[in-house]
Amino acid sequence: MAYTQSKSQKVGYQAGVKDYRLTYYTPDYTPKDTDILAAFRVTPQPGVPFEEAAAAVAAESSTGTWTTVWTDLLTDLDRYKGRCYDIEPLPGEDNQFIAYIAYPLDLFEEGSVTNMLTSIVGNVFGFKALKALRLEDLRIPVAYLKTFQGPPHGIQVERDKLNKYGRPLLGCTIKPKLGLSAKNYGRAVYECLRGGLDFTKDDENINSQPFQRWRDRFLFVADAIHKAQAETGEIKGHYLNVTAPTCEEMLKRAEFAKDWNAIIMHDFLTAGFTANTTLSKGCRDNGMLLHIHRAMHAVMDRQKNHGIHFRVLAKCLRMSGGDHIHTGTVVGKLEGDKAVTLGFVDLLRENYIEQDRSRGIYFTQDWASMPGVMAVASGGIHVWHMPALVDIFGDDAVLQFGGGTLGHPWGNAPGATANRVALEACIQARNEGRDLMREGGDIIREAARWSPELAAACELWKEIKFEFEAQDTI
């Protein structure tokens, strides 16, 4: 049987173990526009040269293994291998560096975040020669992006569906997150929506437990939405969590909610990218918005030296599909440095983002007109945080006050009213040219003079702050 010889065949097969850097470290390589580029923070074991550690990452995340193999002669490694094309020392870190690796596009299945991540991060993180490894950023080429659907609808389509413009959207996670009956759950939804919120939502771990089966919850929530819409004249919504044990069950729950224009919610990391992409395509086909919760993200992204940065997970989610995703708050109870957070918020929402190392963005990213994803600020926020949230996140965001609504001393509806009044006051002040960060306290106090609900919330939470140093910084 005849076949064409590759460059490797012309040299001949040489069995044995050789340094990775002899094959996979190519500092003279110029990345192509079609390459997927990765920036890894590498901490090698003592005694392992930087070039060898970087080349090992390139090899083990593409075509390499620990020894030469005869079947290398049956392909063209120069065409398919990953290449470490640059090593960047980190100031103040003698044992760490950034390795830049280019992957040929042919290594990846079209439209598959699952396959892309399996290759790039699936095996190499357990490599013994590395003390720690973190994927800081990816550059996804336009040629690969065009094989993905992306978000089911995107920011502008959501605005048009809801007929709400010029301000962030206001939401609330129903608490307690577990234990309520379906009927009492629906009651809380109704009270929050009637009080002035745009949305309420399921929490990440409410699926279909013995105390509240999914079908019962969906039906009581539907009644609550319809009643609140009729009374307020506004379009209302609730994020129904359809995360399930199987993809078939997940799609069945989404199909059940389709007829009353529901908003679907999904835990994209615990359920997996295959399930998320499947659900995203179903939501686009059926005209349903898709809300994404990032449950489990901190297991991967919180440690500075090991794991996957959330900006990478955010890019992957935009490709896989979701109309909004939780991003942290900067000011609330959850981890989030301001510069870093705004960096990946822009990566979610904007069409073209320039490289900006001050915000942790290692590569310029062109999204090729893929719809944007709305950022969701949620976790330990209350009315005093409203000016900062509006200033930080702008209009294309969902601000979700769970305890900051349901913890109001007068009940759920007054809690919702307090948040709506605070939001409207901040938007008016911003539009009048006032400085929300400098004058935010005065703006809230002025609004509280004519809103007893807001005044009560201000008094309750005036001492509550979450002032801890962020662990993940530039």
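Yeah, the Cβs are placed from backbone N, Cα and C, and that goes for glycine too.
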Which of these, S358, S369, S378, does Swiss-Prot list as part of the substrate site with N123, T173, K177, R294, H326?
S378
Between the Cα atoms of T173 (substrate binding site) and K201 (Mg(2+) binding site), what distance do you get, rounded to the nearest Å?
5
For E204 (Mg(2+) binding site), which residues in the same chain are close in space, meaning a Cβ under 8 Å from its Cβ, but six or more apart along the sequence?
K177, N241, T243, D267, T270, H293, A295
Whole-Å Cα distance, S378 (substrate binding site) to K175 (active site, proton acceptor), is 13
Could you tell me which three-state DSSP class K177 (substrate binding site) falls into?
coil
List, in sequence order, those recorded positions among N123, K175, R294, H326 whose Cα sits within 10 Å of the Cα of D203 (Mg(2+) binding site).
K175
I'd like to know which of these binding-site residues, N123, T173, S378, is least surrounded, judged by other CB atoms within 10 A.
N123
Any idea which of the recorded positions K175, K201, H293 has the thinnest Cβ neighbourhood at 10 Å?
K175
